[in-house]
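Chemist: What TrEMBL lists as NADP(+) binding site is A:Ile7, A:Gly8, A:Ala9, A:Gly10, A:Gln11, A:Leu12, A:Ser35, A:Ala70, A:Val71, A:Lys72, A:Pro73, A:Cys96, A:Ala97, A:Ala98. Summarising the annotation, TrEMBL assigns NADPH binding site to A:Asn57. The domain 'Pyrroline-5-carboxylate reductase catalytic N-terminal' annotation in TrEMBL covers A:4-99. Taken from TrEMBL, the feature domain 'Pyrroline-5-carboxylate reductase dimerisation' covers A:165-269.
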Amino acid sequence: MMSVGFIGAGQLAHALVKGFTAAGVIAANRITASSPDTDLPTVSGLQKMGVNFTTSNKEATHKSDVLFLAVKPHIIPFVLDEIGPDIEDRHLIVSCAAGVTISSIEKKLLQYRAAPKVMRCMTNTPVVVREGATVYATGSHAEVEDGKLLEQLMASVGFCTEVEEDLIDAVTGLSGSGPAYAFTALDALADGGVKMGLPRRLAVRLGAQALLGAAKMLLDSEQHPGQLKDNVCSPGGATIHALHFLESGGFRSLLINAVEASCIRTRELQFLADQEKISPAAIKKTTLDKVLQQPGVSSTSDATKSSVNLFNNRTGVKK
Amino acid sequence: RCLCCVTVKMSVGFIGAGQLAHALVKGFTAAGVIATHRITASSPDTDLPTVIGLRKMGAYFTTSNKETVNKSDVLFLAVKPHIIPFVLDEIGPDIEDRHLIVSCAAGVTISSIEKKLLQYRPAPKVIRCMTNTPVVVREGATVYATGSHAEVEDGKLLEQLMGSVGYCTEVEEDLIDAVTGLSGSGPAYAFLAVDALADGGVKMGLPRRLAVRLGAQALLGAAKMLLESEQHPGQLKDNVASPGGATIHALHVMESGGFRSLLINAVEASCIRTRELQHLADQEKISPAAIKKTTLDKVLQQPGATAAGVGVRTGLNLFNSSTSKHKKN
C-alpha cells in the first residue's frame, strides 16, 4: 500500500490526482500534495477530492513513497535543494518537468543520498479523463520494479510506455503539447460550423466528437492514416473538396512545425537550465519567504541567496 | 450507453454494401442493439471488399435491393447521392406502410425523396441523417431530420439505433449540409492531422509507430476533455500553455500559418460542395454516364426490376419522373 506525493499543486498534479482517483488505482487519502501557494484554483479542487494538502514540501516528502515533481522546470532546482535532505531509500522521484534531465536531478540528489531513484516522465493533461499519453525513462539507480510501478499508475490514466530518455523532448512536442493543438483545431472547426449555420454548442460538440471518433478509429486499426483518409473521400464528394483546401494552405506543414517548435523550445529550456545561474528574479519573493517559513527549511540550503549555478551546487548538505 | 434493455426488435436493411453500411453494421453489432440475423444488405456489386466483411459479421447479403426491402422494417439508403434516384425507382413499388426509409446520402433532401416515393405510396416515412465513419468504433456523430409522414416514434427508433454507435441528435434539415462539412468530413481532417503530427514526431527522432500512437492518443484525450468539460476550448488551450514554455511556442507557429483559417475553409468547402451536389441532383438530368452499364445490367437482372421502373434509359430528370407506373393505394 504505497503513498503518492506531489510537489506542486497546479494543473498537472490536479489532473493526475483526478485521473488516479477516477481509476481507483490509489485512494485519495494516500495522496499528499504540497505548494507554498494556497491561492491556486487547483488547490481547492485537490482538497475536494480528499487529498492531503500542505504548504510544506518536506511534509509531502515524508508522507510519500512515490514522489511526483509537478512543478515548472525552473522551480525544480529549488525543490531538490529543499527536499534533498529528506529523501530516504524508499523514495522514487518522478519528475514530470519538461526538459529536465535525469542526470541533472541525480547530480543534485547525489549530494544527499548515495543512490537516488529517479525517473523522468512526460505526460499530458488528458490524464484527467483517463486518456493521457505518457512516456518515461528510468534513471541509473531505479529498478525495473520502479518502472513497472510507475507504468501501473500512469497506465490507469491512459497510454503509457517506456522510452529512451533522448526521445522525451520529441514526445513533449507531440503529445505533451498535442492537446493544445487539438483545442485550437476544435475552436476553429466550431467556427466553421457556426459560419455555415450551426449553433455554437452543437458545432463544438460535433467537432469534438468527430476528432474523438477518428482518433479512436486510428488507434483501433492497423491501417495507415492515409488509408483511413482515403476511405472517407468519395469521388467528387464534399470531403475531398475540403481536403484540397487544407493541403493548399499547408495544413500538414503547420503541424510538423508545431511539433518541431515545441521540441526545440524544450531542448532550449533544458540548455538554459544546465548552463545559467538561476537568478533570484526567477522566483517571487513572497513564494521564497513562504518556503523559508516551512519547518526544517534553512537559508543555507536555499541556494538562491548565494545565486550559484544550482545544478553544480557545492553548498548543499552531504549526508 | 448500456443497451441490455434496448435491443431493437425490428429488421434493418441497407441498400448499398459499401463503407457506410459496413461501418454501421459493425457498430450496431458491437453495441448489441440489433441481432445480426435481422440485418440485410444489398448491392449489385459483389466485388466490394466490404461485402466480405458484412457476411463475416453475420449480415445477410443479397444482390437484390428488392429482397432487402421485403426483409426490412427500417431501410437505410447507404448509396452515393447520385445513385439514390435509381434506387428509389427500383424499390418504390415494394415499399409498405411499415417501412421507415432513412437516407444517409449527403445533399439529398427529404422532399426530393418523398416526391419520388409519393408516386408509390400516399405517406412514405422518410428520415434524413448525416453520420460518419467512426460509428465503426461506436464513436460516431449523427444528426437527423424527420420527414412529414414520419412519426415521433420513428425518430426515437432511429435515435436508439444511432445513439448506440455514438452521439446522435435531431436537427432542422437545413443544418444538415453544415454538419456534413463539420462532422461528416471531420474524420478526414483528423486523419490528415495525425499523419502530419506523426511526421513531426519522426522528424524530431521518434519511431513512426510510437509517433502515430502518441499523436492519435493526444487528439483523443483532448477531444474527450472538451466533451466532458463545461469550459471553452480556448480556456482548455490556455491551461496547457505555460508561460514561456514549449506549447505556446508551438501555438505561435500554428497561428502564424493561419491554422485556424484552414479548418474554417475546410468546413465551408465541404458544406458548399454538398449544397452544390444537391443542386445538381435537383436540376440536371441524370445521364446514362453516371452509372456503369454493367451495374445497370445487374440491377435489371434482379427479379421484379423493369426497364421502365429504372428511368435512366429515357434520360429524364429522375426526381420529376412522370413515367413511373405503379401507384399503390
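Note that the numbers count up from 1, one per residue, in the order the chain is shown.
Glycine is treated like the rest: Cβ placed from N, Cα and C.
Just tell me what is around each of these and how deep it sits.
Modeler: DSSP gives A:Ser35 (NADP(+) binding site) a coil state; it is part of no helix or strand. For A:Ser35 (NADP(+) binding site), other Cβ atoms within 10 Å of its Cβ number 27.
When secondary structure is read from DSSP and collapsed to three states, A:Asn57 (NADPH binding site) falls in the helix class. For A:Asn57 (NADPH binding site), applying a Cβ distance below 8 Å and a minimum sequence separation of six or more within one chain yields A:Ile7, A:Ser34, A:Pro36, A:Val79, A:Glu82, A:Ile83, A:Val291, A:Gln294.
This prediction places the mean pLDDT of the domain 'Pyrroline-5-carboxylate reductase dimerisation' (A:165-269) at 97.
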Chemist: Chain B sits near which of the binding-site residues A:Ile7, A:Ala9, A:Gln11, A:Val71, A:Ala97, counting only a Cβ gap under 8 Å?
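Modeler: Going by the Cβ criterion (under 8 Å to chain B), the qualifying binding-site residues are A:Gln11.
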Chemist: Using a 10 Å cut-off on CB atoms, tell me which of the binding-site residues A:Ala9, A:Pro73 is the least crowded.
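Modeler: Each of the binding-site residues A:Ala9, A:Pro73 was scored by Cβ atoms within 10 Å; lowest is A:Pro73.
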Chemist: Given the binding-site residues A:Ile7, A:Val71, which one is most crowded in terms of C-beta atoms within 10 angstroms?
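Modeler: For the binding-site residues A:Ile7, A:Val71, the Cβ with the most other Cβ atoms within 10 Å is A:Ile7.
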Chemist: Might you list, by sequence position, any residue in that chain lying six or more from A:Gln11 (NADP(+) binding site) with a Cβ less than 8 Å away from its Cβ?
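Modeler: For A:Gln11 (NADP(+) binding site), the qualifying residues are A:Thr42, A:Thr125.
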Chemist: Please state whether DSSP places A:Ile7 (NADP(+) binding site) in a helix, a strand or coil.
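Modeler: A:Ile7 (NADP(+) binding site) sits in a strand per DSSP.
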Chemist: I'd like the number of other C-beta atoms within 10 A of the C-beta of A:Ala97 (NADP(+) binding site), please.
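Modeler: Result for A:Ala97 (NADP(+) binding site): 25 neighbouring Cβ atoms inside 10 Å.
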Chemist: Can you count helix, strand and coil residues in the domain 'Pyrroline-5-carboxylate reductase dimerisation' (A:165-269) using DSSP?
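Modeler: Each residue of the domain 'Pyrroline-5-carboxylate reductase dimerisation' (A:165-269) counted once, the result is 89 helix, 0 strand, 16 coil.
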